[in-house]
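Novice: The compositional bias 'Basic residues' feature in Swiss-Prot is assigned to 1-10. Feature annotation from Swiss-Prot assigns compositional bias 'Acidic residues' to 44-53, 60-72, 84-105, 142-151. Here Swiss-Prot flags 114-124 as compositional bias 'Polar residues'. As annotated by Swiss-Prot, region 'Disordered' applies to 1-152. Residues or ranges marked as repeat 'WD 1' in Swiss-Prot: 438-479. Residues or ranges marked as repeat 'WD 2' by Swiss-Prot: 481-519. Sequence annotations record features per position, and here Swiss-Prot assigns repeat 'WD 3' to 564-606. Marked as repeat 'WD 4' by Swiss-Prot: 609-647. The repeat 'WD 5' annotation in Swiss-Prot covers 650-689. Annotation source Swiss-Prot lists repeat 'WD 6' at 693-732. Summarising the annotation, Swiss-Prot assigns repeat 'WD 7' to 748-778.
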């Protein structure tokens, strides 16, 4: 084998050096052959003093090296597989010299001993199979699975193509132009193509471009191989010859062969000194054995106690040691567990079926057993659950944690907030003083003159009555064409005007009571019609409201101005200055709320969109703000900036009414779900306090203008007077104390108190009810 390798080297040198002679080559070959001969005599030992075999005859190191091209691709083994051009030349030379090699080797074998020839025969290694040379110019990913080099016409990416079903195009090309879908044929076209086109069976549709593609023979072959569960590439060889990259022969050689140092053979001087010191310590009694040392440490530590499951260094663990908690005692047996229980403890058929029905859910049973009755104690059988109950008891004793809980004996009065006594909060109404009778149907609304001398009421009997508060005498009755829903006296003391909402008309009435000069001034103001030539009204306003002067017949009743609306009016409210008033029409959609100006006889629609079914509106007493209450929420608008300021969340089903504190920082809301809500406008958009003082729907609430009082009326025929103090200190919360429950109205058709109103000067409250009366509480 070595000689054959030398031949190959010689042939390669001949290819590189053309001027070398044939005789020199043979001499060089003989010299190289002599260099590889063994140098020992037969039977001579080749091991050295350390027992290492110095005889080492190795194959050429070039057989274990490999060649690669510039790109790092495998080309072949050095001395084994060369470039294609070199291989042809070497093969030709080897064919010519095969005979000479055989003769020379035969002579050599005859001269050498038999053992050496066998060794050479065994050491010969079969040549490794040649690998195909790789072309460096070939692209790295030419035959791989990468899709980077694919020619993709449609650049939409990996998306579902059915997204383009609604469009005429199916994607975009590299230039950004749309790829138009091809024309689709019908079933007849498909049938003709199936008959006439010989390539119809190998035609498929490209989902990316929508074009029809004819499969080539290579594609058909690839599909067939995949369908038959074979490797797609036909050129791929599954069973390639194994290349032994690493030799299987283990070579044992020493890493280093350094002789031992002299001190390794001599005793250690330091150990000698240490032993002498230890001997001296033993003689003097200074040194002790390990057992003696451990015994002394144990005596110092003393006996050691520890918990079975965990350490006892924690506070709870120390408490368990020093202050153990005894196990709770089992409950004593009851009458149901007796062998002869009373008949009422035995199950009937219904209870027995229910007990057996809960077999899969035994924890839902009231008793874990079924009571039985025996004539005598000796007839009682063994208890089947005895072992299980003992086992569960043991589990509870050592697995369940124990703790002492101090029972808090809290007095109920301690939980009630400390409120001042009602006697300290006087004055407030306590008794019924007057009953105003005269209406024949429900009295829905009541309002008091700013000076507190007269009162006006509206009823379902289509009348408006003006009363003298002190005497209870009805001074005047004004008949209307429809049910009176709401009445409101102008808060401006310089005017004597009553706004009456009856049906879809709003009547401005001069009651003709009180100061005659004031009555004449009011008539002059209402009789004067301002010139609105420069003002162009919107069509929405014209169709929603119309101003007109009352006719002679109504003038005699005191009606001066009539404002006709397009829907029935439910509520009317005045601004604090008495020049503006607002009306509510729940059926008016986005025109439900209207604001009227008395001096200019103009109307405005503040909202263009409906935010809900409007129930009532209110003017702020100090700021230019407008409160709008829908069924569930309350919105506060700025009339100057014309924007929403705040939205109050009531968390109620239906709002019935609202009233604002004279200072303007607190709002009281009544709801049909038996609640009263107190809102602190500076604090939050949610109720500061929710009061459930009534048993039925709360229909009306009202603040007093001077005293810290508010009242509420409900369908339970009760008027509840409460104390509501608002402090100037913003850090102090309002004080709310219920004071008195006044219940004198009669209930009719499930209706009770419909409206409440405070006297502007005195701590008196008026209430109207379904019993056709108006009652004064003082």
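Just so it is clear, glycine is given a Cβ too, placed from its N, Cα and C backbone atoms.
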Novice: May I ask for the residues of the chain that lie six or more residues beyond the repeat 'WD 3' (564-606) and have a Cβ under 8 Å from a Cβ within it?
Specialist: 485-492, 494-495, 497, 499-506, 508, 525, 529-530, 532, 535, 537-538, 540-541, 543-548, 613-619, 621, 626, 628, 637, 639, 642
Novice: Quick check on the repeat 'WD 6' (693-732): DSSP residue counts for helix, strand, coil, in that order please.
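Specialist: Its residues fall into 0 helix, 19 strand, 21 coil.
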Novice: Treating G and I as helix alongside H, and B as strand alongside E, what does DSSP give for the repeat 'WD 1' (438-479) in helix, strand and coil?
Specialist: 0 helix, 24 strand, 18 coil
Novice: Any idea what the model's mean pLDDT is for the repeat 'WD 1' (438-479)?
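Specialist: Mean pLDDT for the repeat 'WD 1' (438-479): 93.
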Novice: Could you pull out which residues elsewhere in the chain have a CB under 8 Å from any CB of the repeat 'WD 1' (438-479), counting only those six or more residues past its ends?
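Specialist: Sequence-remote neighbours of the repeat 'WD 1' (438-479) are 485-493, 498, 500-502, 509, 511-514, 557-559, 751, 754-755, 757-762, 766-770, 772-774, 776.
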Novice: What does DSSP give as the helix, strand and coil breakdown of the repeat 'WD 2' (481-519)?
Specialist: 4 helix, 16 strand, 19 coil
Novice: I'd like the per-state residue tally for the repeat 'WD 3' (564-606) from DSSP, helix first, then strand, then coil.
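Specialist: The counts are 6 helix, 19 strand, 18 coil.
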